[in-house]
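S.K.: Here it is: the structure, laid out below.
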Amino acid sequence: MKVLWAALVVTLLAGCQADVEPEPEVQLGNEWAKWQAGQPWEQALGRFWNYLRWVQTLSDQVQEELLSTQATQELTALMEETMKEVKTYKAQLEQQLGPTAQETQARVSKELQAAQARLGADMEDVRNRLVQYRSELQAMMGQSTEELRGRLNSHLRKLRKRLLRDAEDLQKRLAVYQAGIREGAERSVNTLRERLRPLVEQAATVRSLISKPLQERAEAWGQRLRGRLEKVGTQAGDRLDEVREQVQEVRAKVEEQANQMRLQAEAFHARLKSWFEPLVQDMQQKWAELVEKVQLAVGTSPTSESSEKQ
């Protein structure tokens, strides 16, 4: 495959055979240059186109490849790759189309299928021409093949022009299809926006209507709560004053009772003193008399003893 692509590059640089009209080939080559940087299916079609240009050179290497089945296999692989990329791109566009009108989607899909079928038929025709040329070339081995080359070259040139025309038609239809998708998406977005706008405005109105009573209720509830807190504070202050007064009353009563108890104790002490004081005085007097008697007795006793001894 690398050898084929190297030969392709050399062929593109060298140009076509002398029996091919140069000016139309240059124009077609310029037309196909833009396909190299497009969508994946366009790039695949460009590779098919370049392979066809290489086959059209009818060089000795190409004749050897055509006598084998490799050229047909390569061409078949490029055809399948191109049609696969076309189907993939078409499926992506259909997926992007979304909820577009079914009638429009069916019509556009039908047009794309027709253009896709024409492109596939053109590539199939190219492959059949190459198979026919290989059969005729094998039958004419050793004979002059100039007439066969000229006929194949003419057919391939016409097929390339038709292939370019059908490819451009498919490209235009896909572009229209994609533009329709964008317009449909924009219309859907605008329609959705128009439908949602009244709902958004209504929601804003309802929110404002709901928020006002809620705010009023919150303010009323806050006022009631403040009133209750103030009432509780006032009641607590009054209760504290009552408790303070009760404490003062209890303190006064306790002090009064303490004074009464002190007075009673003093009175009782006075009564006890009045009771026992005469007794104490009498006992003290008797005790003094007893002491005096003892002293007198003790004082007279030594005097009598001393007189007896003398």
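Cβ atoms are placed via backbone N, Cα and C, with glycine included.
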S.K.: Under Swiss-Prot, which of the candidate ranges 56-66, 155-165 is annotated region 'LDL and other lipoprotein receptors binding'?
M.R.: 155-165
S.K.: Select from 11-23, 271-283 the stretch of residues annotated by Swiss-Prot as region 'Specificity for association with VLDL'.
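M.R.: Residues 271-283 are the ones Swiss-Prot records as region 'Specificity for association with VLDL'.
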